[in-house]
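Q: Structure provided below as C-alpha cells; questions to follow.
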Amino acid sequence: MSFLLALDQGTSSSRSIVFDIEGRPVAMAQRELRQIYPQPGWVEHDPIEIRDSQLATAREAIARAGISAHDIRAVGITNQRETTLLWNRRTGAPLHNAIVWQDRRTEPICAALRERGAEALVRQRTGLLIDPYFSGTKLQWLLDHVPGAREQAARGELAFGTVDAWLVWQLTGGRVHATDVTNASRTLLFDVHANRWDDELLSLLDVPHELLPAVFPSSHLYGETDAGLLGAALPIAGIAGDQQSALFGQACFKPGLAKNTYGTGCFLLMHNGDRFQSSANGLVTTAAAQTGPQPQFAIEGSVFVGGAVVQWLRDGLRAIDSASAVQALAQSVPDSGGVVFVPAFTGLGAPYWKPDARGAIVGLSRGTTLGHIARAALESIAYQSAALLAAMGRDAQACGGAAVTELRVDGGACVNDLLMQFQADLLGVPVVRPQVIETTARGAAFLAGLSTGVYRGLDELEALWQPERTFHPTLPPGRASELMAQWEHAVRQTVAS
C-alpha cells in the first residue's frame, strides 16, 4: 500500500500523521512545544526544538503505522503561519528564537508605518492589515536587534523563512530554501496579485531581497528529505499554512465554500476563487492553497478566544474539571438565561479589531448559575463566528460574490454537538462536520498527493470528503436576529467600558 505523511507544525505542538490514499488517518504522533515568554507580550519558540520535535513525531508516526519509509509516496507540510525565523545559510544555525505569530513586540514599528500612510499600499498589494501579527515587522525587528544581523544579511549570509521554509531547509540538508504562496502571503512582503516578493514593500520594511525564499504553488515538488532522517529520501510535495491547508482538506475548492476551525481561537476562511476582494468589513484577503500558477484567494477572519474560553472556565473559574465536561454543564439549563459572555481576554479580533477591549459577562441576575455562564461561554464561540460570517456576507453582497450556503467545521471544539447546533441556528445555514476532522494535516497530505500523481485532480479529492453529521438550523430567522442583536449590544458595552 501507499501512504502520505503530513507534518503539522503548530503553535502548541508538533504532530505528524500518516494517511492512507483514501485520506484516512492511520497513525499519529504529537509532542508539545515549549512556549518562551521573554517579556510581556513577547512569544518565542526554539527553532531547534521545532525541528527536533517535528522529526521525532514523523519517525514515531511511521513506526506506529507499522510501515517502512519506502511505503510513503510523499510528504506534506502545514504550519503555524507568520512565525518568523532567521538563520545562517552556511551552518543552518538560527540567529535568534523564532518570533511567534502571537508576539506583539513590533507594534511601535507598525504604528510608524501607519503614520507614514502605508496602510493603503499594504492592503492593496497583500490583502492584509499593518499589524504585528504578520511576519514582515518581526523580520525587521530581528535585523535591527540581533547584533550583526544587518551586516550578515548584506553579505548574503542569512536566510529568512516562516516555519515551513525552516523545516524544508532542515529536511533537505540546506539544499532548498523555499516556501509556498500561502505562507508568503502572510509576510506583508508579498504581492498576492503577481505571486512574487514586492520591491516596494521590501523597501518599506528595509528587508534585503537576498534573505527571501523562492515561492512556489502549494502543490509542488520542493525537494527530497535527506535519506538518513526518515529512512528514505522522500519527496516534499505540498506546503500550506495551517488555515489554508484546513480549507483545502475540507475540499473547499470553489467560491463560496467556507470552513471554520474551532481551536484555541477560531479561523473562518471562505474560498474566493481567482477574485481578489479587499474587505470593507474588518476581514483580510489571503492566498488560498494553489495547485497551479493561477493565484487563488480566500477571505479570512480570526477570533482570538474560541475554545480558550472553555480553558478559562476550567482553569480560571474552576467551574469544570475538564474541557469535555462543559457540554453537560451547559446542557443543565435550557438556555443562557439572558447571560451574554464576551471573552475579550486579549481584545477582540475580526470583524471588530478592538485590541483594548476586555472580557465581560453581562445579563447576570440572582437566578444565574454556573450552567448559564458555561452555556453563555460556549455560545460566545458561535456568536463571534457568526459575526465573521455576517461580515463575509456583506463583502460578498457588495461585489456580487457567492454567499455561504453551508459551513464546514473542524478543530477540537467541533465535536461539541451543542455548540455546532447553536452555530447552525445563528447562521441560518447547515453546519457540516466531516468524518475526518484532522483537516489541516489532511490538506497537506492532499497537496503532496496531487503533485506526485497519487490523485488525478480536485474532483477525486472532493469525492473523498464525506460528512459525519449535518446540523440544520432550528430557530426562526427572527429569533436568530434577536440573539445576534443581544450579542452586538454586549460587544458595544464591552468596548465602551
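First residue shown is number 1, and so on along the chain.
Glycine residues also receive a Cβ, built from the backbone N, Cα and C atoms like all the rest.
Sharing the features that Swiss-Prot gives for it:
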type	residues	note
BINDING	T11, S12, S13, T264, G307, Q311, G412	ATP binding site
BINDING	T11, R15, T264, G307, G412, N416	ADP binding site
BINDING	T11, R81, E82, Y133, D242	sn-glycerol 3-phosphate binding site
BINDING	R81, E82, Y133, D242, Q243	glycerol binding site
Q: In whole Å, how far is N416 (ADP binding site) from Q311 (ATP binding site) when you measure between their Cα atoms?
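A: Given the Cα positions, Q311 (ATP binding site) is 14 Å from N416 (ADP binding site).
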Q: Take the C-alpha atoms of Y133 (sn-glycerol 3-phosphate binding site) and T11 (ATP binding site) and report the distance between them in angstrom, rounded.
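A: Approximately 14 Å lies between the Cα of Y133 (sn-glycerol 3-phosphate binding site) and that of T11 (ATP binding site).
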Q: Let me make sure I understand the structure: which of the binding-site residues listed (R15, R81) has the fewest other Cβ atoms within 10 A of its Cβ?
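A: Counting other Cβ atoms within 10 Å of each of the binding-site residues R15, R81 gives the minimum at R15.
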Q: Please determine which of the binding-site residues listed here (G307, G412) has the lowest count of neighbouring CB atoms within 10 Å.
A: G412
Q: Rounded to the nearest Å, what's the C-alpha distance separating N416 (ADP binding site) and T264 (ATP binding site)? Just drop the number here, would you?
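A: Counting only the Cα atoms, the answer is 14 Å.
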Q: Round to the nearest Å and give the CA-to-CA distance linking R81 (sn-glycerol 3-phosphate binding site) with Q243 (glycerol binding site).
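A: Just about 8 Å between their Cα atoms.
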Q: Between the binding-site residues S12, S13, Q243, Q311, N416, whose Cβ has more other Cβ atoms within 10 Å than any of the rest?
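A: Highest number of other Cβ atoms within 10 Å: Q243.
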Q: For R81 (sn-glycerol 3-phosphate binding site), which DSSP three-state class applies?
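A: Once the DSSP labels are grouped into three classes, R81 (sn-glycerol 3-phosphate binding site) ends up as coil.
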Q: Cβ distance under 8 Å to T11 (ATP binding site), same chain, sequence separation 6 or more: which residues?
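A: For T11 (ATP binding site), the qualifying residues are L33, Q80, T83, V100, W101, Q102, T264.
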Q: Largest pairwise Cα distance, Å, within the listed ADP binders T11, R15, T264, G307, G412, N416?
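A: If we measure all Cα pairs in T11, R15, T264, G307, G412, N416, the largest is 23 Å.
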Q: In sequence order, what residues of the same chain, 6+ apart, have a Cβ less than 8 Å from the Cβ of E82 (sn-glycerol 3-phosphate binding site)?
A: W101, Y133, F134, S135, K138, T162, R186, T187
